[in-house]
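One structure below.
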């Protein structure tokens, strides 16, 4: 942690994930009457350079300037205390990748930069965008297709602006990578690459029925 530009990691999992005898951050804020609602919202924005606004988290509410329209809410699956949801389809330019038959599971995680998925399923997406690995020729980026995730029966799409990025290597040469990573686990992780496109509300007003809401991020 000595070389990174942050002080630490703040865990915001569901209360069932906390250690026995402890109080979660959100519960503590409510108990101290600093907030009245058991929710927090996150806006992620693409970094445009040093010092640029990278996003915002709001405890106990949301900022209506951060999103367009209304949030679409889906239930969080019971179990391990993570923000885990169900997906029914993943498509590339409208073509079903058969990656979620009949369903697959995804963690929504602001602590993960990219989108992670099972190796075989990510390889299907790589093939659909004409590559075999996350590195991609930069001239191909402008032709990358739309990738869509069906969550709760609703399609959430991301574009190349969300899942591809350009950088300079140690020699100063321009490189391009996809923010789509292979995982050994049989689950997906929708990280910052997804959340940059969708303002996200994490809601545990009803401790027995936690839910997540997505709305298109404001430009």
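Just so you know, glycine gets a Cβ as well, placed from its N, Cα and C.
Whatever TrEMBL says is automated annotation, not expert-curated.
These figures come from a predicted structure and were not determined experimentally.
Residues or ranges marked as domain 'Peptidase A1' in TrEMBL: 1-215. According to TrEMBL, the disulfide bond annotation covers 100-104, 138-176.
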Compute the C-alpha separation of residue 104 (disulfide bond) from residue 138 (disulfide bond), stating it in Å without decimals.
-> 31
Least surrounded among the disulfide-bonded residues, given as 100, 104, 138, 176, when other CB atoms within 10 Å are counted = 138
Rounded to an integer, what is the Cα-Cα distance in Å between residue 138 (disulfide bond) and residue 100 (disulfide bond)?
-> 29
Between residue 100 (disulfide bond) and residue 176 (disulfide bond), how far is it from one CA atom to the other, in Å?
-> 28
Average model confidence [pLDDT] within the domain 'Peptidase A1' (1-215) | 89
